[in-house]
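Data first, discussion second: the structure below is written as structure tokens.
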Amino acid sequence: MTLLTALPVILPLATAVAGLLLLSRPRWQAPIGLAGALALLAAAAALLVRTWRDGIQVIEVGGWPAPFGIVLVSDMLSAVMVTVAAAVGLAATVYSFRVVDAGRISAGYYALIHVLLMGVCGAFLSGDIFNLYVWFEVMLMASFVLLVIGGERPQFEAGLKYVALNLLGSVGFLSGVGLLYGAAGTLNMADLAVRVGEADADARYYTVVAMLFLVAFGLKAAVFPLYFWLPASYHTAPAPVAALFAGLLTKVGVYSLLRVFTLIFTQDTGYTRELLLWISAATMVSGVLGAAAHQDMKRILSFHIISQIGYMTMGLALATPLALGGALFYMVHNIIAKTNLFFVAGVVRRLRGSYELKDLGGLARAHPWLAAAFFVSAFSLAGVPPLSGFFAKFIMVRAAIETREYAVAGVMLGVGLLTLFSMVKIWTEAFLKPSPGGAVSEGAVGAASWVPVIAFALLAIAMGVGAEWWWRPMELAGQQLFDRTGYIEAVLGGGAR
Amino acid sequence: MELLLAVTVGWLYACGLYLLLRRTLAQVVIGLALLTNGTNLLIFVAAGLVRGEPPLIGEGQEVLAAGTADPLPQALILTAIVIGFAIQAFAMALAYRVYRSVGSDDIDALTTTEPPPPPVAVQTAEGEP
């Protein structure tokens, strides 16, 4: 038995506890947060390497054997997501150093980031459906507080909408768990997969339960038509928090959809996949059209989160090994590019004091490095080769053509074009056109903000140029998701006991 | 008994959703509380009701006797109650802060996070812009 699988949960917990115990010493908060984030990234990378070399890792918490105890499972999907989450957590922590005010820090800002990371990593690793619900709530609680602490009226208003709608999603999720347990008599995901697939199981009942999960996770992932809370709330948060939310929170919803619809609810794939196909296409189109209508940088980026989620759920709808691996590749690419775009928007805001495109201008001349970082991230999001987004879209389009879904492939390419339009809009308005007010007084931006921006831009380039190496773990993850017997055997067959 | 509880669950969901759709902040928070309680009851009913057989292992025995109540849903509900309690407390505090900063408990007054309406040419009765 190895503790490594549980470390991505234990380390953020320890960091958060240390941070809260030392809450009366604001100077210690940032170093503790940084140390915790570095340790988390190291543990996550070690877990990724071990999962890559030795196959699926299982730890039975408290020594209770599956399916009775709670298991933490790390397959390639989980391990990759945990690693990316740790990287985003580290970047957001570093970015926060000069940005976050003293009020937020003494309210436990850094500790809350680690509570959030604990929830996210726990959700990625959990092999128990009720435990997944608990991690969701841990993550949501931390995100509620991060959104409203130190805030003013816009944060409170956005927070209320965010809390109400996410609670509604949680109620749906919990109802689904209750109904699932009532019929199958187990909560372990691998055991559920076996029981739901049994011949005498009532497939129609499970399809109804599956729809509850689809609504609950769809709400968190912000798919059509459940995305309306996202553009109403994300843009009010401070830049590092918005980047963290944009990068991670919706992806936890996508991850959960991928997990339950490849592992548990495989009894009526004709219906669920058709439904997911339509939902994904509608998500892509409505998100990108919403972005085209707006003139506020953070709001445009918020709508693009929605549009990109559609590509990831499309991977689930197509459900070939290539499409599932492609969905993961897309998620990783999107987390890197999207987080960085929010980082850049935050820097722009501090330089010029606005997110409105009409107030901005001349940034390319004044700050070529910032312009380069934005250019790389934005055009990666739009799918311009040789950046990461090109390969992500290439894999998805290829998967669509291989399954003969030509209309889907067409929608993907069209949405890519509209994404490019939005990004070019920001690029010309904020960076290329001369500044509207002539000479401007600029706020100061410390090195702590530049490091994550440049690092993530380099990651986006590396993921594009070295796409083949990045694809190999994702390809394995796609195969593991497509053929669920490996997961079931690893959990129920004893695993690494 | 199952039927009665099932109807209760449905009634709690209906009331909760109705209150969620109201425009008053306090009613929305109460609606969330009702929904959470309905869900807890749903887990209890869905897992099956057993009367008068508590899940206690008898003296000198190793395992539960057949036909005793399932202890797991009760543990789940306990966890869900704790989570629901924390979130409702937070939602109430937040609703209060919203009320204090907005000066109204009307949901329709929460408009500062929405984009300003786009400039539209207003058509007057005579058809002139």
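Every residue gets a Cβ built from N, Cα and C, even glycine.
Given the structure is predicted, the values throughout are model-derived calculations rather than measurements.
According to TrEMBL, the protein carries these features:
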type	residues	note
TRANSMEM	A:6-23	transmembrane segment
TRANSMEM	A:30-49	transmembrane segment
TRANSMEM	A:69-95	transmembrane segment
TRANSMEM	A:107-126	transmembrane segment
DOMAIN	A:126-412	domain 'NADH:quinone oxidoreductase/Mrp antiporter transmembrane'
TRANSMEM	A:132-150	transmembrane segment
TRANSMEM	A:162-184	transmembrane segment
TRANSMEM	A:241-263	transmembrane segment
TRANSMEM	A:275-293	transmembrane segment
TRANSMEM	A:305-332	transmembrane segment
TRANSMEM	A:369-394	transmembrane segment
TRANSMEM	A:406-427	transmembrane segment
TRANSMEM	A:447-471	transmembrane segment
Candidates A:6-23, A:30-49, A:69-95, A:107-126, A:305-332; stretch with most C-beta pairs under 8 Å toward the transmembrane segment (A:406-427): A:305-332
Given a Cβ distance threshold of under 8 angstroms, which distant residues of the chain, six or more beyond its ends, lie next to the transmembrane segment (A:69-95)? 5-6, 8-9, 12, 30, 33-34, 37-38, 40-41, 43-45, 47-48, 51-52, 56-63, 110, 113-114, 116-117, 120-121, 124-128, 131, 188-190, 239-241, 243-244, 247-248, 251, 255, 258-259, 328, 331-332, 335-336, 339, 343, 346, 448-449, 451-453, 455-456, 459, 473-474, 476-477, 480-481, 486-487, 490-491, 495
Sequence gap of 6 or more, Cβ distance under 8 Å, 3 or more pairs: do the transmembrane segment (A:132-150) and the transmembrane segment (A:275-293) meet that? no
Pairs 6 or more apart in sequence, C-beta under 8 angstroms, 3 or more of them: is that satisfied by the transmembrane segment (A:107-126) and the transmembrane segment (A:275-293)? no
Among A:30-49, A:241-263, A:447-471, stretch most in contact with the transmembrane segment (A:305-332) (C-beta, under 8 angstroms): A:241-263
Which bits of the chain, at least 6 residues beyond where the transmembrane segment (A:447-471) starts or stops, bring a Cβ under 8 A of a Cβ in it? 87, 91-92, 94-99, 325, 329, 332-333, 336-337, 339-340, 343-344, 346-347, 350, 369-370, 372-373, 376-377, 380, 385-391, 395
